[in-house]
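Below is one structure, written out as structure tokens; comments come after it.
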Amino acid sequence: MNGGSDLKHATGSGSDPKHAAEMDPDSDAGQVAVALAYQRFEPRAYLRNNYAPPRGDLSNPDGVGPWKLRCMAQVFATGEVSGRVLIDIGSGPTIYQLLSACAHFEDITMTDFLEVNRQELGLWLREEPGAFDWSVYSQHACLIEDKGESWQEKERQLRARVKRVLPIDVHKPQPLGTPSLVPLPADALVSAFCLEAVSPDLTSFQRALHHITTLLRPGGHLLLIGALEESWYLAGEARLSVVPVSEEEVREALVLGGYEVRELRTYIMPAHLCTGVDDVKGIFFAWAQKMEVQV
């Protein structure tokens with residue numbers, strides 16, 4: 001959602017979460033249950049709940065959508081986060097999280113566990129009829145960045161720089177499988193509302209963070225957006241469990257994962273955006289840099 005429920009993202013590596021779970025004897029019961037629950041995930045319902053008004057109303061600068069776009073734009077405006085290769089971990093059916101990133105990386109990989117989400121991304125990337133309309137988000141990103149770029153140019157650049165949309169399983173030590181179709185290690189990772197949404201407990205959350213960190217070069221950057229103190233969200237017929245995390249638990253997981261936390265911001269979800277599609281309390285945004293030497 002534009003809040004905690006942006007939890008669009010699922011966990012696994014294949015197109016069939018049930019099959020993926022059955023094929024992995026190391027999956028614990030909690031992770032299997034998460035994978036099975038996501039079989040009922042409905043991308044369009046998720047998008048309506050979180051990216052159409054009221055949460056998708058970007059006219060109020062105090063809204064959650066503008067806040068997330070500002071967080072991303074401000075980090076990229078520093079010039080410190082750039083390179084060639086960026087991986088978006090658990091993209092779900094959304095693209096807004098890459099609108100500011102795409103000017104700084106020429107090779108972008110989007111990923112998701114669910115085939116339905118990868119298909120939804122494909123509709124937008126190919127400009128097919130019926131694709132979700134992200135133009136309001138693209139316009140707002142251009143407004144924030146204030147570089148004189150049109151929203152059409154912004155979207156054209158993002159489409160050109162997304163080179164592949166792949167399955168991922170953040171619960172596997174090699175989340176993208178082997179051999180990887182992505183040039184590794186990446187210079188940066190982006191992940192929005194993924195890890196907490198697919199982890200049955202805090203230990204799984206921390207382990208998933210460790211797994212994706214293996215994809216990132218030492219000195220590389222992670223930009224992480226997620227839900228605070230959320231335990232469930234809706235995506236159509238699916239009611240999906242979330243591991244509730246606090247700001248301090250996020251910080252601790254990043255430090256334990258070998259990161260220097262450059263910035264950690266929080267957004268408290270206002271009452272008018274609490275619409276009954278989840279129980280999210282707030283959103284966090286973390287900018288973290290992978291230590292050159294892992295402790």
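Cβ atoms are placed via backbone N, Cα and C, with glycine included.
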Subject >> Identity of the S-adenosyl-L-methionine-site residue among A29, A188, A192 (reference: Y46, Y51, G90, S91, Y96, D112, N117, D169, V170, source: Swiss-Prot) >> reply: A192
Original post:
How big is the gap, in Å, between the Cα of N117 (S-adenosyl-L-methionine binding site) and that of D278 (octopamine binding site), rounded to a whole number?
Top reply: 20
**OP:** Work out the three-state DSSP category of N117 (S-adenosyl-L-methionine binding site).
**Re:** helix
**OP:** Determine the Cβ neighbour count for Y96 (S-adenosyl-L-methionine binding site): the number of other Cβ atoms within 10 Å of its Cβ.
**Re:** 22
**OP:** Across the whole of the repeat '1' (4-10), what does the mean pLDDT come to? Round it, please.
**Re:** 37
